[in-house]
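What Swiss-Prot records for Gly166, Ala167, Ser168, Ile232 is NADP(+) binding site, and it gives sequence analysis as the kind of evidence.
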Amino acid sequence: MTAKLIDGKTIAANIRQQISGRVAERRAQGLRAPGLAVILVGSDPASQVYVAHKRKDCEEVGFNSVAHDLPSDTRQEDLLALIDQLNDDASIDGILVQLPLPKHLDASQLFERIRPDKDVDGFHPYNVGRLAQRMPLLRPCTPKGIMTLLESTGVDLHGLDAVVVGASNIVGRPMALELLLAGCTTTVTHRFTRNLAEHVRRADLVVVATGITGLVKGEWIKPGAIVIDVGINRQTDGRLLGDVEFEPASERAAWITPVPGGVGPMTRACLLENTLYAAEHLHD
């Protein structure tokens, strides 16, 4: 068996095209373009690349993109004041704080300061709580993007044994909520899990988000399973590898996401979707 690739790059491009068309319709109706404010603190090279991609995406679809690039010694109270200012700005529909932040800053406090209706990353406790209560509003971008990738396969998720490897607030925990909502029997594994291989071997669907290159071995994959690899780990030779051993896994799985070109583009596309949703349904 050779797995079919789930092409996140192409699916994300289609989403951007649809959003661009909707923004053009808004402008023709005399409505403003959606606005996204991105806050970048410090000069982390990877963060700078990610933010540049997000700004390019905004430009492509016709959003109003507002950049706030701040020095690494920015104080917590100054960031909170900036968020308050953006909360009150009617031209801004979404506020994004790029992670990781310098160690002296409290990310949780910053996320909670963002108004829930402008929390386009989906990290605010209100939005996570709505997802847990089966009433999602602004959904965390990476899990939301993964659900779109899964929908593209046409596979019925109801009743599947799903295993999420990694329990972060950004991916693992909200991913488990999304899969429960989709009717999966969901297990979350983490750093204290015993015998990870045993859990993965029985999974019809496995989502891996740990940041550990090749953590999940190809031989663990159940024949015919769906494999979603969220990891993107740069090697010393410049290659980008995922958290799953791709080649042997693709010989056993029915569907698999590539790294790069799988989950990453979908996270960015869903950020745009959330911003458009906030503009049209929460702010217009």
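Every residue, even glycine, has its Cβ placed from backbone N, Cα and C.
Features recorded in Swiss-Prot, as mapped to the structure shown.
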residue: Gly166; record: NADP(+) binding site; Cβ within 10 Å: 23
residue: Ala167; record: NADP(+) binding site; Cβ within 10 Å: 18
residue: Ser168; record: NADP(+) binding site; Cβ within 10 Å: 16
residue: Ile232; record: NADP(+) binding site; Cβ within 10 Å: 17
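Residues Gly166, Ala167, Ser168, Ile232 are recorded as binding NADP(+); their most distant pair of Cα atoms lies 17 Å apart. In the three-state DSSP assignment, the secondary structure recorded for Ala167 (NADP(+) binding site) is coil.
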